[in-house]
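What TrEMBL says about this protein:
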{"type": "BINDING", "residues": "B:ILE62, B:PHE63, B:GLN64", "note": "FAD binding site"}
{"type": "BINDING", "residues": "B:CYS222, B:CYS225, B:CYS237", "note": "[2Fe-2S] cluster binding site"}
{"type": "DOMAIN", "residues": "B:1-95", "note": "domain 'FAD-binding FR-type'"}
Amino acid sequence: MAMQKKKTSMQEQKAEERINNFEEVPYGYTDEEALQEAKRCLQCKDEPCVDGCPVEVPIPDFIQAIIDGDVEKANQIIKSKNNLPAVCGRVCPQEEQCEAVCVMGNKFEPVAIGRLERYVADYNMQRGTDKSSKEEIEKNKIPELEGRKVAVIGAGPAGLTAAADLVRFGLEVTIFEALHDTGGVLSYGIPEFRMPKEIVDQEVEAIKELGVEIKLNVLVGKTITIDELFEEGYEAVFIGVGAGLPRFLGIPGENLNGVYSANEFLTRVNLMKAFKYPEYKTPVKVGNKVAVVGGGNVAMDAARTAKRLGSENVYIVYRRAAEQMPARSEEIEHAREEGIIFKLLNNPVEIHGDQGRVDKMECVEMELGEKDDSGRRRPIPIEGSNWMLDIDTAIIAIGTNPNPLLTKNTKDLATKSWGGIKVDDNQQTSREGVYAGGDVVTGAATVIKAMGAGKTAAKNIKEYLLNKSDK
Amino acid sequence: MYEVLAKEKLAPTIKKLTVKAPLIAEKTQPGNFIILRVDEKGERIPLTVADYDREKGSITIIFQEVGYSTKLLGKMEKGDQIRDIVGPLGHHIDMEGYEKVVLLGGGTGTALLYPKVKGFYEMGAEVISITGARTKNLIILEDDLRKFSDKLYIATDDGSYGHHGFVTDILKDLLEEETGIDLVVAIGPVPMMKAVADMTEEYGIETIVSLNAIMVDGTGMCGACRITVGGETKFTCVDGPSFDAHQVDFAELMNRLSFYTNEEEEIKDNAVKEEI
Ligand SMILES: Cc1cc2nc3c(=O)[nH]c(=O)nc-3n(C[C@H](O)[C@H](O)[C@H](O)COP(=O)(O)OP(=O)(O)OC[C@H]3O[C@@H](n4cnc5c(N)ncnc54)[C@H](O)[C@@H]3O)c2cc1C
Ligand SMILES: Cc1cc2nc3c(=O)[nH]c(=O)nc-3n(C[C@H](O)[C@H](O)[C@H](O)COP(=O)(O)OP(=O)(O)OC[C@H]3O[C@@H](n4cnc5c(N)ncnc54)[C@H](O)[C@@H]3O)c2cc1C
Ligand code: SF4
Ligand code: SF4
Ligand code: FES
């Protein structure tokens, strides 16, 4: 059979339909499609793709299991390294990770590793076979660690991953989460049509089955402090509290009604389920002309959400050019298909209002100058090019910083100037026994990087506790 | 889940619930608040911790039934479970070093004021409390306030009890007559807080107001509660909820509070239909 050069395509909801619902856009592979795609893998001996994955999923092995028709085994293989495969298969920027280094990609399109991972995870979830095997778990337990307590702060990808690995070592693990739900950004940020909450919940259930205890509604730093956790007998702490503090533009008119941070907008819709208002009681208000400021995944998510809430004209206002947008190209493409209007090389300078409600966004046109520190050409305002965009809602999606609440209330925890927690290569902070990872260390990044950090931290917490018991 | 341990009706639409929440009770100080969600489909609403009992592991909330969520909360009976409560949130008020404090509460604002009245009294300050409401049967916590105040004044809009008029009328007289007032604390409807701020500014007396901005998470994550104070944007939930009254942009606060009025009415109509 001739080599299939392109990825096996995945069916998806048509743009005209999907802008009227919150259901997932791509449907996922069928059994036949998955098998067809799996057969494209060359089973390379040196496994370059595995190096491209921050949590080292044994990619050729799980793909081989698909080919062998044992999708349950494929799942066990993935789960030995990755506790959130249904999540990663959907939102990992595979094109920059595993698929970027896939050998097939040298000449043709890389193997669709992410899609296959999603297929395996979904297949097993639907059949209830997504749990890790009990024998496997018992085998990995370390007697010296059994029954010793570790606290994990934050139930996002970093915290969940660290907790799952720690519990496998035989430790007693409790996650403390500030919100009333688990998942972190997966639950409050990434919209339903990209990351169904049911899937997140099922992955979290599987982690609970491993023995991880999750305490919701505990804001560490307020409800309880890290020092008190140690006093209560926790021997180590992992901090995975993300970067949840929204940045604003700092321009006049930003506190007018109708101006949201992307975090607020998405939290209302996702976590509080405002898209099912009034069945769910939290309202969200979008008019017919929505401007989303920013060019990342968050901006695309906000824009596509606004569209689904019934807004007619949804604009992306971004100060650089298309090539420089940090969002995944797949998301930008999806947004375009859904009729999002791109106002590139434009920067808002003021938001104008009428009777307290936003009605115009004043923008200035930009041009690209010299390269800046980030290696991208710097946008420069074109003097006198100001113009008005008619809007009734503005959503600011220009990034987030770590929330200072926890670090401010924790003694001797060193942070960087922008608020990120300082760690060494082992994810250890300036305090003994306290580790950190994910967005709170790197600033807003990716699910898989947060998970990788959680894994590294778990491994080093294990070492730390083993050394400690030797003393 | 958080169990309701006791319930009391303070006025026709004002209820007091004591709820089991040991971790929160352990940490609360006057000025802190919590955010709760009555059930799975409910909103997250902020309420001040009116009182707490560290030994029993309980907190007390006092609230006015103004819309859907507070009405639903008002339906809770002893033994019922509230789905989520997180706290204590916000900064507590720094009470040290004041000698003579005037505290004004308007409407349910009195419930928010009560823990501060108690706090200042226990710190040894001379406490003058003023509470007001539209009419006599809406006056709440009179006995509790009396217990922790050196003087207590009462005002009703319709004159059915105490002074006929606003709490601010009484404040005006006090500012004229009393000497040595070193702090004024005002909690209530925004126009009342603004009036107090204007009045005390003339006398140069430090004044604190507690803002009731609309909130979602209460942890500094969404920015819904942002408000301009001293020309800078602050998040009420983590930077407040108490602020220097003379720095607050009250007009902006009023405006922001009105954003969801239509939706709130709509949902209240539903509530009537659902008999909540
Ligand atoms: C809208 C949006 C879309 C995105 N899309 C993608 C994508 O497509 N692909 C991708 O790879 N990445 C994406 N990201 C980024 C990705 O979601 C994050 O990098 C990742 O979630 C970080 O994980 P984390 O565990 O470090 O933090 P988070 O996911 O932020 O989780 C932190 C958790 O800690 C809790 N917490 C915070 N403070 C405390 C405290 N004091 N006490 C207790 N708990 C606390 C929070 O409530 C939260 O649940 C997106 C982000 C957003 C906002
Ligand atoms: C820090 C803080 C402490 C508070 N303490 C108390 C208290 O001790 N007792 C008390 O009776 N009330 C208190 N409030 C006000 C209380 O939160 C609102 O009355 C409640 O959220 C209204 O919900 P609802 O669905 O019943 O009414 P709705 O119909 O939703 O609204 C009625 C009114 O409440 C305001 N409101 C609506 N949603 C919110 C929200 N999420 N956050 C804040 N305000 C909102 C609206 O602007 C409107 O004026 C406090 C508010 C804050 C911010
Ligand atoms: S977890 Fe992400 S990076 Fe790793 S193999 Fe799966 S899709 Fe690729
Ligand atoms: S690099 Fe690509 S082709 Fe090679 S084993 Fe990995 S997925 Fe298969
Ligand atoms: S309520 Fe979300 S930041 Fe204050």
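Any Cβ shown, glycine's included, is placed from N, Cα and C.
Note that TrEMBL annotation is computational and uncurated.
Residue pair B:CYS225 ([2Fe-2S] cluster binding site) / B:GLN64 (FAD binding site) shows a Cα separation of 20 Å.
With a threshold of 8 Å between Cβ atoms, the binding-site residues B:ILE62, B:PHE63, B:GLN64, B:CYS222, B:CYS225, B:CYS237 that neighbour chain A are B:CYS222. Annotation note: B:CYS222 ([2Fe-2S] cluster binding site) sits in a coil segment as assigned by DSSP.
On the 0 to 100 pLDDT scale, the domain 'FAD-binding FR-type' (B:1-95) averages 94 in this prediction. B:CYS237 ([2Fe-2S] cluster binding site) falls within a helical segment according to DSSP. Distance noted between the C-alpha atoms of B:ILE62 (FAD binding site) and B:CYS237 ([2Fe-2S] cluster binding site) is 19 Å. Sitting within 8 Å of the Cβ centre of B:ILE62, B:PHE63, B:GLN64, and not among those site residues for FAD, are the Cβ atoms of B:LEU10, B:ILE14, B:LYS15, B:LYS16, B:LEU47, B:ILE61, B:GLU65, B:THR70, B:THR108, B:ALA111. All chains included, 27 other C-beta atoms sit within 10 angstroms of the C-beta of B:CYS222 ([2Fe-2S] cluster binding site). Cβ neighbour count within 10 Å across all protein chains ranks B:CYS237 highest among the binding-site residues B:ILE62, B:CYS237. Note on B:CYS225 ([2Fe-2S] cluster binding site): other Cβ atoms within 10 Å of its Cβ, all shown chains, come to 26. Under DSSP, the residues of the domain 'FAD-binding FR-type' (B:1-95) split into helix, strand and coil as follows: 13 helix, 44 strand, 38 coil. When the binding-site residues B:PHE63, B:GLN64 are scored by other C-beta atoms within 10 Å, B:PHE63 scores highest.
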